[in-house]
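**Q** Pulled the feature table from TrEMBL, pasting it below:
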- 9-35: domain 'Flagellar basal body rod protein N-terminal' (DOMAIN)
- 94-158: domain 'Flagellar hook protein FlgE/F/G-like D1' (DOMAIN)
- 216-258: domain 'Flagellar basal-body/hook protein C-terminal' (DOMAIN)
Amino acid sequence: MRIPYSISKSGLKAQQNKLDTIAHNISNSGTAGYKQKTVSFRELLVNDINEQDALLSGNANNLGLNRGVLSSTNGTDFSAGSLVQSEENLSVSVNGEGFFGVRNEAGDLVLTRDGNFTLDENKQIVNSRGQVVETNLTIPADAWPEGEVQVGSSGEIFIQTGEGQINVGVIPLYNVENPQALIPIGDNNFTIPPEQAGTLINSIENPGAFGTLLTGVYENSNVDLAQSFTDMIMAQRAYSLNAQVTRSTDEIYSLINQFT
C-alpha cells in the first residue's frame with residue numbers, strides 16, 4: 001500500500017476510535033460511578049508493518065519512517081466524579097481509595113464505584129443496577145430488628161431503632177495494587193486480572209489503605225461534558241482532514257497515471 005494511503009487510513013481509523021470512545025463516555029455521563037475511557041495514540045512505523053528481514057541488508061538501520069498512527073482504548077480515568085445528593089439513606093460515596101464489591105453472574109467478585117444503594121425486598125443492599133453489594137454481616141438480614149437501615153462513614157451497617165443503634169455488619173471496600181490494570185467488563189464493573197488477584201486487599205483487614213464513606217450522596221460519572229464535546233469537535237476535524245488527504249492522494253495518483 002502506498003504510504004499516503006496508509007497514513008490517511010490509519011488516521012481515519014484512529015479518529016473513529018476516539019469518536020466512538022467519546023460518544024460512549026457521553027452516553028454514560030449520568031451513570032453512577034462510571035469512569036471514563038481514554039484513548040492513546042502512537043506512531044505506526046514502517047517496521048511495525050513490514051518486518052521481513054529478507055528485504056533489508058545486514059547493516060540496514062530502522063529509519064523510523066512514519067506509516068501512520070495507531071490508537072487504542074486501553075485506559076480508564078479513575079479520578080473522582082461529582083457527588084449527587086440522594087434521598088436514600090444507604091447511598092454512599094468513596095472519598096479516596098477503594099471500590100465496592102459485587103458478584104457477577106458467575107459468582108466472581110468484581111469491583112465498582114457505584115454507591116447508589118437501596119435495600120431490596122430480601123433486605124439485601126443493592127446498587128443502581130440491582131447487583132447485591134458484598135457485605136460482612138454480624139446479624140443475618142432475616143434477624144434484623146425493625147428500624148431504619150443506615151451506613152456509617154467506615155462502612156458499618158446499623159439499624160436505627162427506638163432504643164438506639166444496632167450494628168449488624170459492614171460494607172467492605174476493596175482495591176488492588178495497580179487499579180489501572182482492572183479490566184472494564186460492562187455494567188460499570190471491573191474484573192481483577194490474574195496478575196493482580198494476589199494483591200487484592202479489603203478495608204476490614206487493612207483499614208488504613210482506604211478512604212472513608214460520605215453518606216447521603218453517591219458518586220456520579222467523572223465525564224466532563226464540556227471537555228468531551230470539545231474533544232469530539234477536534235476529533236471530527238482530524239477525521240475530515242484525513243479524509244481530505246485520501247481524496248487528494250486519489251487525485252494525485254490519477255494525474256500520475258495519465259502520464260504513465
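In case you wondered, yes, glycine gets a Cβ from its N, Cα and C as well.
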**Q** Quick check on the domain 'Flagellar basal body rod protein N-terminal' (9-35): DSSP residue counts for helix, strand, coil, in that order please.
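**A** Helix, strand, coil within the domain 'Flagellar basal body rod protein N-terminal' (9-35): 19 helix, 0 strand, 8 coil.
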**Q** How do the residues of the domain 'Flagellar hook protein FlgE/F/G-like D1' (94-158) split into helix, strand and coil according to DSSP?
**A** 3 helix, 26 strand, 36 coil
**Q** Would you report the average pLDDT that the model assigns to the domain 'Flagellar basal body rod protein N-terminal' (9-35)?
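**A** So the average pLDDT across the domain 'Flagellar basal body rod protein N-terminal' (9-35) works out to 89.
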**Q** Could you give me the DSSP helix, strand and coil counts for the domain 'Flagellar basal-body/hook protein C-terminal' (216-258)?
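**A** Taking each residue of the domain 'Flagellar basal-body/hook protein C-terminal' (216-258) in turn, the totals are 34 helix, 3 strand, 6 coil.
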